[in-house]
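Student: Below is the structure I would like to discuss, written out as structure tokens.
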Amino acid sequence: MRNRAKTALVGTLVAATAALGPLGGTAHAGDSSLYAPSDLVLTIAHGEDAASVAPERAVTLTCEPQARGTHPSPQEACVLLGDAGGDVDAIAPPAEPQLCTYQYDPVVVTCXGVWQGRFVDQERTFGNECVMRAETGAVFDF
């Protein structure tokens, strides 16, 4: 009985290794890269928090090894995020100040994915879209 269990276990491991073998090549190819991955999904929704609303707009943003994705300004967004260390709360506002109304129409943004090899899942709420753009520049301008 013990031999059958060992044989079954070995057979399962061999089958799993064979099935996952092609994926191993992909992982090794990523290891030889000079850059840690930075692939993000950015969303915008009207509401106080992301858990209670559905995203109205979403884009992808890849920053390494080159800026690309469905984001309309990937290079500019990657520079701003890079300067902030990938932290949405630390994005420096544009040098040119923008005037916004005090109308309260909350907008919540999310940034989820991988930034320089580490998982990120961030959420931030702004009083309205004007304030969001004034404080995040090109990052959430889509």
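Just so you know, glycine gets a Cβ as well, placed from its N, Cα and C.
As the structure is a computational prediction, the values presented were derived from the model and not from experiment.
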Student: Going by the disulfide annotation in Swiss-Prot, which one of CYS78, CYS130 is bonded to CYS100?
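Tutor: That would be CYS130, the partner Swiss-Prot lists for CYS100.
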Student: Might you list, by sequence position, any residue in that chain lying six or more from CYS100 (disulfide bond) with a Cβ less than 8 Å away from its Cβ?
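Tutor: Spatial neighbours, sequence-distant, of CYS100 (disulfide bond): GLY127, ASN128, CYS130, VAL131, ALA134.
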Student: Per DSSP, CYS63 (disulfide bond) is which: helix, strand or coil?
Tutor: strand
Student: Minimum Cβ neighbour count within 10 Å among the disulfide-bonded residues CYS63, CYS78, CYS130: which residue?
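Tutor: Minimum Cβ neighbour count within 10 Å, taken over the disulfide-bonded residues CYS63, CYS78, CYS130, occurs at CYS130.
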